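Here is the structure we will look at.
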Amino acid sequence: MKPSIYGLTRDELIAWAIDNGQKAFRATQIWDWLYRKRVQSFDEMTNISKEFVAILKDSFCINPLKQRVAQESADGTVKYLFELPDGMLIETVLMRQHYGQSVCVTTQVGCNIGCTFCASGLIKKQRDLNSGEITAQIMMVQNYFDKRAQDERVSHVVVMGIGEPFDNYQNVMTFLRTINDDHGLAIGARHITVSTSGLAHKIREFANEGVQVNLAVSLHAPNNELRSSIMRINRSFPLDKLFSAIEYYIETTNRRVTFEYIMLNKVNDGVEQAQELADLTKRIRKLSYVNLIPYNPVSEHDQYSRSPKERVAAFYDILKKNGVNCVVRQEHGTDIDAACGQLRSNTMKKDRQKAAAART
């Protein structure tokens, strides 16, 4: 399978065009066709010579994804299941917010982080997505908007889908630079958030990139004992190492960090744990924010359930009394396969059942 041209940054496309005997402006024209006019075929690039179109077609495909499933929620959330060229499946989610249209992208096929409450890790990591496959997720949603012809655009991106983004660091950074490029989709850096489970060394590297992209950290527990029991990554990067990296990030960038905290009934949602969380984040309170997330139950992880509203409210109140900036996250798509990785997992089960039935 040819690589997707979406996998190149504009500078890389310019370098490639020059290597193939073209002027730099030719690459800029191609970039415009891809991201402003959003063509789906190189033949639609009418100001590019037929000879160079032939070279493009020999070298690249445009969009490597096929849509397998699209589930639309009553609130307008759309969960997509896309098929990659090798037949593997990934999820992408469109969330309609009051401030714009936000897309959550996947960065890996499967996940090795091993969070015990998460559907994404039910299937171990099989491979990284390349930058073209990550960018193509945004383009698939934008193409959906274009067909609706209602002047909608992807305005916000969260890198919070299946996989650990910082375990696929270079492809994610290429993706970020591509969607942020002013000559293309021009999605503002401050409208993009990358979430990590806590790879401390990569948080430090990200701090040195000089990008204005937001950072979120999946925390989910306020002490090492509990965090290690529900998030295996904490055994490699315990809270002291993680918070040292976070403090370095804040000192280097002067940017706020968001902590994601999923509310698991009678696991991590007690008032004592709320106080521990307030104490843990005290030193960086001015440049941190806590996002309390209602849990979407996963059948394979039935030891966990959603915290009742009363427990969430009590937890929230403790944080607020301690001066912690926090919010309870708005839910999206609760009437579809809402948990991250759930649609993919359920579809793969159905595919296996169909295959087994066909053999009998």
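Note: Cβ is positioned from N, Cα and C throughout, glycine not excepted.
A quick note: this is a predicted structure, and the numbers were derived from the prediction, not measured.
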Checklist outcome for this item: For the S-adenosyl-L-methionine site that Swiss-Prot gives as GLY163, GLU164, SER218, LEU219, HIS220, ASN296, the extra residue out of SER195, SER236, SER307 is SER195
Item to check | Local Cβ density at GLU91 (active site, proton acceptor) - other Cβ atoms counted within 10 Å | outcome: 25
Item to check | Spatial separation of CYS115 ([4Fe-4S] cluster binding site) from GLY163 (S-adenosyl-L-methionine binding site) - C-alpha basis, Å | outcome: 11
Item to check | recorded positions clustered about GLU91 (active site, proton acceptor) [Cα within 10 Å; pool: CYS104, CYS115, GLU164, SER218, LEU219] | outcome: CYS104
Checklist outcome for this item: For CYS118 ([4Fe-4S] cluster binding site), the close recorded positions (Cα within 10 Å) drawn from CYS104, SER195, ASN296 turn out to be ASN296
Checklist outcome for this item: Of the recorded positions CYS104, CYS111, CYS115, within 10 Å of GLU164 (S-adenosyl-L-methionine binding site) (CA to CA), in sequence order, we find CYS111
